[in-house]
Amino acid sequence: MALDNLKEGLPEYAKDLKLNLGTLSRSTELSEQQLWGTFLATAAATRNDTIISEIAEEASQHLSDEYVNAAYGAASIMAMNNVAYRAKSFLGSDYAQVRMGLRMNIINKSGIDKVDFELMALAVSTINGCHDCTKAHEKTVTSEGLTKEQVFEAVKIAATIQGVAQAIQIEAAR
């Protein structure tokens, strides 16, 4: 099991992350597609080869090809959007009405349930630190019926995956 490989590779100081990874992978708060789509999208957002390959192997047992592609799409489009919208926010009100002018069709044409894609986008935006995108995607998923607990489950997955990536990077540099 790829997730077990990931957990076994973590050092002792990352024991909490290992436990969180195990607990979150068994979560019943989200549907299977939401859970593993969020795991895969956030893994891709870390830009860590080990995390991406191990989570992809595990996620492929739970997701259709459409969901795998959508998860990678969420990570990719949000990498662009999070930079652009953070910059727009940093630049202030003078830029509020400036048209973004970037293509982002995948958000509405991902090939999967809209709420599931939006949840992945929210989790990736959390990792990328974009306040405006995180809030916008949260508004969408809650208006589509997800609960605050479901939203925060995705946030916990994002936080844990980012922490695991950090530990792996630390160990690679030691």
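Cβ atoms are placed via backbone N, Cα and C, with glycine included.
Per Swiss-Prot, the feature disulfide bond maps to Cys130-Cys133. The active site, proton donor annotation in Swiss-Prot covers Cys130, and the record cites sequence analysis as its basis. Per Swiss-Prot, the feature active site, cysteine sulfenic acid (-SOH) intermediate maps to Cys133; the stated evidence is sequence analysis.
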Cys130 (disulfide bond), number of other Cβ atoms within 10 Å:
22
Under 8 Å by Cβ from Cys133 (disulfide bond), same chain, sequence gap 6 or more:
Met78, Asn81, Asn82, Tyr85, Ala121, Leu122, Ser125
